[in-house]
Amino acid sequence: MLRTHTCGELRAADEGKKVKLCGWVDRIRDLGGVRFIDLRDRYGETQIVCDVNSKAYSVVDELTRESVVLVEGTVRKRPEGTENPNIETGEIEVVAERIEILSLADPLPFYPGETPKEEMRLKYRYIDLRSERMKRNIILRYRISKIIRDYFDELGFLEIETPFLTKSTPEGARDFLVPSRLRPGKFYALPQSPQLFKQILMISGFDRYFQIVRCFRDEDLRADRQPEFTQVDVEMSFVDVEDVLNVSEGMVSRVFRESSGIDLKVPFDRIPYDEAMEKYGTDKPDRRYGMELRDFGYAFETTEFKVIRNVLDEGGSVKGFIVPGFASEMSRKKGEELMERMKELGLGGLIWFKLDGGITSPHLKHLEKEFRKIAETENMNEGDVCLIAAHTDRNLLNEALGTLRLEIGKEHFSHLAKGFDVLWVVDFPYFEWSEEEERFVARHHPFTMPVLETLGDDYTKVRAKAYDLVINGYEVGGGSIRIHRRDIQEKIFELLGLSEEEAQKKFGFFLEAFRYGVPPHGGIAFGLDRLVSIIAGESSIREVIAFPKTGNGVCLLTGAPAEVDERQLRELRIRIEEG
């Protein structure tokens, strides 16, 4: 080894030792007859002292920031009053006898700890990863992964690898396709998840499986998504919903406790899907902001206000929420901004009033009676604001109000976004309508066990034995009890519009396995990137991934995706069409 110690290791007890340190030059200070170097590696920082009479003194003239050097010297205590309590090695310094330049650095486009635009950080990721923030996040990610592995190992789970080159089963997002050179015209797909393989492992008798695995989705990247991501994949045989939730809560609570000293309240709260949509307008609720959605229909039963009357006469709904202490912010201009936002979200507009020395509203002339009833029923206080909307589509109304609630919470009540709001959303509908495909699709995936009592030809009534873990408004995990009976699986395919021939073509290998003994089983997958980002306090998962892609799926470090050699394309019998 070139070094005897790391830059975060030496203490006062090491005084007098001859040591060799290697690292990056973080800072250089020249105080005349003595020069100081702050030498840094991933373990910490050590102050190097170069006296004017030492051979090391002149070498400092050649050094630049971020050069890599080897330092030989002797440990001594810092003079009294010069200790640095902000670093672990702050009691000591190393008096340099020799400095060897291992790699001289050119001027950098930016220096560790600086925060240029994200594109620059991703292009020069090797510089960005030297910062304390990124170092802390990457080490945290490793520790969380180790905690997870230890937890499942103690419970008797086996970590089993599943294939990356598999068959395309186009359900949900698009697959990344990999052409086969040996079988022209045939393609592998990179897995969106190991779903079928982990179920086959249950059929194979491996009753407790987990894997920290890369997954791939070729989808239009919404905010803070990655085309390749890491999930903690879990599957168990002979279990019901309670078993999966208990094991999951044990893992998540242990990760928080051992990685960050945070104790979560176990068991986690559970909210049925319908309740989440009614109260928060989303199946990923963040309850820290309060402001639950309320049904204000009771106040408008006899209203003559035309806009709302028409909605109610058509069977629609009137809902809204109270924003506490928001009156000082709620000017007419702010009201107009919120009204425009609701139109963007698909509603006709917004009605509002506030308690500000009495009821104040642009709509007071027409709705004073209704406003007073709401204020009394909801026990509104001076300074509160009530936001109200109406629509014939209750789902759209809930979603629009839920979005507005969250936007107001994040913009004006960020001080409430502390701690961790952890909950399960359960009792999901099995199907949802896809506008793009103009048909019902499985909300989770078509291998989820339905609640048998609800299984019939009415898509809207079928419920799934599915569950999502939500932390601070982010979906961190999702899973279900799986179908283990072939007749039920065929019924689900039928409801999804898959003919027997199509089902065999896509999933024949899987359905074949159903003939030979399938245990009841269930599982869950956690998004490791999201889990780490929440614990790290980062708003973007890119901050906890060593080499992430941009929002449009580009690796700025390597330039991927990129053109390939024409010869490679010919071997694969692929031709690129222009336009």
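Cβ atoms here come from the backbone N, Cα and C positions, even for glycine.
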Further ATP ligand in Swiss-Prot, beside Arg217, Asp218, Glu219, Glu475, Gly527, Leu528, Asp529, Arg530, within candidate set Gln226, Gln489: Gln226
Range among 55-58, 127-130, 195-198, 471-474 that Swiss-Prot annotates as region 'Aspartate': 195-198
For Glu475 (ATP binding site), the one of Gly81, His444, Arg482 that lies nearest, given that the recorded positions are compared by Cα: His444
Positions on the same chain near the region 'Aspartate' (195-198), where near means CB under 8 A and six or more residues out: 162-163, 166, 169, 209, 211, 233, 235, 445, 447, 507, 510, 523
Among Glu219, Glu475, the one of these binding-site residues whose Cβ has the fewest neighbouring Cβ atoms within 10 Å: Glu219
Nearest-integer angstrom distance between the alpha carbons (Cα) of His444 (L-aspartate binding site) and Gly81 (site 'Important for tRNA non-discrimination'): 62
Residue among recorded positions Gly81, Arg217, Arg482 with Cα closest to the Cα of Arg530 (ATP binding site): Arg217
